[in-house]
Amino acid sequence: MTTTPDWIMIGGDGPESYNQQSSYQRALLEATKDKMTKAISANLDLDLISNRFIVADFGCASGPNTFVAVQNIIDAVEEKYRRETGQNPADNIEFQVLFNDFSLNDFNTLFQTLPPGRRYFSAGVPGSFFERVLPKESFHIGVMSYAFHFTSKIPKGIMDRDSPLWNKDMQCTGFNPAVKKAYLDQYSIDTKILLDARAEELVPGGLMLLLGSCLRDGVKMSETPKGTVMDFIGESLSDLAKQGVTEQEKVDTFRTSIYFAEQGEIRQIIEENGKFTIEAFEDIIHAKNEFPFDPKTLAISFKAFYGAFISAHFGVEVMRKAFELVEVKAREQISRLHNSKPGMQYLIVLRKN
Ligand SMILES: C[S@@+](CC[C@H](N)C(=O)[O-])C[C@H]1O[C@@H](n2cnc3c(N)ncnc32)[C@H](O)[C@@H]1O
Ligand SMILES: [Mg+2]
């Protein structure tokens, strides 16, 4: 079994950084602000809002989206407190935000760009969210934004050419049922471990807010715009191997530890885990719902997301060349994108049982 390189976003705040290129992810946070506020108002016990309130973001990257996510939560908690007690939250509540990601994440950029005027104390929590990273009962609301689609490793057999599970593509396209099952099984195991860990770390009655992308039931990854661009990336890397720019062996051993689950699969995993009640599972439709089908924008935003991961395996030069080809492919095959089936963006609200 192979462990993939840690899934690190491009750090710093240069033109290709995650910091500058994550507006797609941010659009979902902005679109869900009202729904997050309502969910917190309806599902968080007033008793939990006392002198010390802890918010944790798992898979925070280097910002700025994490600041939007945690501020939305703090605003909602303050609003509920003000409305239901008539008191000023600033007089009575101190907030702390725990920022979690892999230790190699660019925490320097994160801490250097913390919003001025924020009303919370900050701390970094390094480590994989597939393990316990915090003491028992140590936070009140957790959030995961575009971080609930990872597996801890590439499923067994996926990179073995002699296995019926061998996957020629870099992602789970959804077309090979055996490959799809292997990814789903791994995702299910990992996600249950993740939920177990968060359930221990959350205070009783605490909430987890999950925001991200999934598939509508019955839709295959490669049928969506995101899956189509991921296929362009895989095809571009294969082209570079054919041109001798990189080795075929490297292409064959490059697979993503990402599984975009179907809506029903996510629901089933959470229910089987049994540590949380699903208070809401919302289908969020917003202006930036799908990527704009502009070849240049697509190449840049997917580079921000996947670039560091590809660099770690192929080196930065191959990564750059691959995304030049992705832009060409997106231009040549724009109809594939226009004919794709919509993906889905969600807000899931979980309450610890
Ligand atoms: C697509 S980014 C999302 C960042 C940010 N939450 C947002 O909404 O823009 C996914 C983040 O999850 C982190 N991540 C992936 N697997 C992780 C793990 N096992 N433990 C902790 N962080 C992880 C990555 O390092 C990355 O920063
Ligand atoms: Mg990984």
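Backbone N, Cα and C define each Cβ position, glycine as well.
Mg(2+) binds ASP252, PHE254 as Swiss-Prot records it, and from the list ASN167, ASN176, ASN339 the residue named for this site is ASN167. Proximity of the binding-site residues PHE99, PHE130, TYR146, TYR306 to ligand 1, judged by a Cβ distance under 6 angstroms to any of its atoms, singles out PHE130, TYR146 in sequence order. The residues near the Mg(2+) site, meaning same-chain residues not in ASN167, ASP252, PHE254 whose C-beta sits within 8 angstroms of the mean position of the site's C-beta atoms, are ILE158, MET159, LYS168, ASP169, MET170, VAL251, THR253, ARG255, in sequence order. Other C-beta atoms found within 10 angstroms of the C-beta of PHE99 (S-adenosyl-L-methionine binding site) number 26, with every protein chain shown included. Across the binding-site residues listed here (TYR24, PHE130), the residue whose Cβ sits among the most other Cβ atoms within 10 Å is TYR24.
In this view, SER128 (S-adenosyl-L-methionine binding site) is surrounded by 19 other Cβ atoms within 10 Å of its Cβ, with every protein chain counted. Of all the binding-site residues listed (ASP101, ASP252), ASP101 sits in the most crowded Cβ setting, with the most other Cβ atoms within 10 Å.
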